[in-house]
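Chemist: A single structure is presented below for examination.
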Amino acid sequence: MSQGVTAPFARHAMAYVLAGGRGSRLMELTDWRAKPAVYFGGKSRIIDFALSNALNSGIRRIAVATQYKAHSLIRHLQRGWNFFRPERNESFDILPASQRVSEEMWYRGTADAVFQNIDIIESYDPKFIVLLAGDHVYKMDYEKMLQQHVEQGADVTVGCLEVPRAEATAFGVMHTDTTDRIISFLEKPADPPAMPGKADKSLVSMGIYVFETKFLLDELRRDAADPNSSHDFGKDIIPYIVKHGKAVAHHFDKSCRRSSSEAVSYWRDVGTVDAYWAANIDLTDIVPELDLYDREWPIWTYGEITPPAKFVHDKEGRRGEAVSSLVSGGCIISGASLRHSLLFTGVRVHSFSHVENTVVLPYADIGRSCRLKNVVIDAEVKLPAGLVVGEDPELDAKRFRRTENGICLITRAMIEKLDA
């Protein structure tokens, strides 16, 4: 056990969230916002899950490193995460890329995004750093990961989970021994190695790391001085520690926050339009795998002040109704029907429209007599009356972004082209 440090270890830790990525596979959803700032689940942004996990785990010092088109993200953090109090030894720092090392360099990689802020980390003097990706959806108790890190005397502890081999090319893939020590680590291999005894599975990194702060800062300084390094945790830092130190795997099953003992371990990289749509629509299930109603592990976010959702008209063929759907505050469903859909704040759906399997981001407006199926509608989009999407694949592909799985993404620019 670390000298002078007692449980709970989270009170001695700083959470450092990497939130600078674009997430280009989300296509036009990230044209004007970073991936961590993309809306999710009716009220939240994707980054709220990592931040809420840190807060619920007992961590009271948090820093968020931003870079790509950060305005939307920074505004959200300032509005929704401004309740930390220095007089209670709490802190919440937003760290935009600001050429702190030289005038020529922004953040050159994930490791450099921490290295350039070493002075800020040292000013708080945390015993541990919990390094997090800000673009995944999951619920996890980081205290349990910290406990394993201390008990096993690791130099780094890496959060991991099993995924199908076909999906593992997008992750760091590891092999472990019987004590969970990592003996090999490959970043995004073209042919991911399988787990022993599980030919169709690979053990992959979740992008969650625990370090003792002094060890991490020493490694970052070593890496920064290496002209051959890409200054990335997955490509450089972790493989180096696996070879020269002690890297340990922490299995997500051990710390996943579940709604019941029978529930599955839920983690999603909502990095494509298909995955994003599916993860949101999953929430309309009777018992979704991701429990947003757990009052003991809430997902904190900016709570915009809105009136309740409203459903009006009760005539045959013009009835405001929703079945198996999530409808946020400020929405008005005026003589329209929703099925298996998720509406964010302030959405308006006009009479005679039918919306199914659709995700509608804040303040979108769906005109009269629209028929929508398997759609993602970006924020503040105004759909014209009579628009039909999800019935003619060829026409959809000409007008909108249509994925391989048949999901259509609609943005304001696409609607403006229809009117041109």
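Cβ from N, Cα, C; glycine included.
Under the heading alpha-D-glucose 1-phosphate binding site, Swiss-Prot lists Tyr107, Gly172, Glu187, Lys188, Ser205.
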Chemist: Would you mind pulling the DSSP three-state label for Tyr107 (alpha-D-glucose 1-phosphate binding site)?
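Modeler: Tyr107 (alpha-D-glucose 1-phosphate binding site) sits in coil per DSSP, no helix or strand.
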Chemist: Can you give me the same-chain residues 6 or more apart in sequence from Ser205 (alpha-D-glucose 1-phosphate binding site) with a CB-CB distance under 8 Å?
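Modeler: Ser205 (alpha-D-glucose 1-phosphate binding site) has long-range Cβ partners Val158, Gly159, Cys160, Phe171, Gly172, Val173, Met174, Phe185, Gly234, Ile238.
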Chemist: Run through the Cβ atoms and count how many others sit within 10 Å of the one on Glu187 (alpha-D-glucose 1-phosphate binding site).
Modeler: 16
Chemist: Test of understanding: give the count of other CB atoms lying within 10 angstroms of the CB of Tyr107 (alpha-D-glucose 1-phosphate binding site).
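Modeler: Excluding its own Cβ, the number within 10 Å is 26.
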Chemist: Sorted by position, what residues of the same chain at least six away from Lys188 (alpha-D-glucose 1-phosphate binding site) have a C-beta under 8 A from it?
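Modeler: Spatial neighbours, sequence-distant, of Lys188 (alpha-D-glucose 1-phosphate binding site): Thr169, Ala170, Phe171, Gly172, Gly234.
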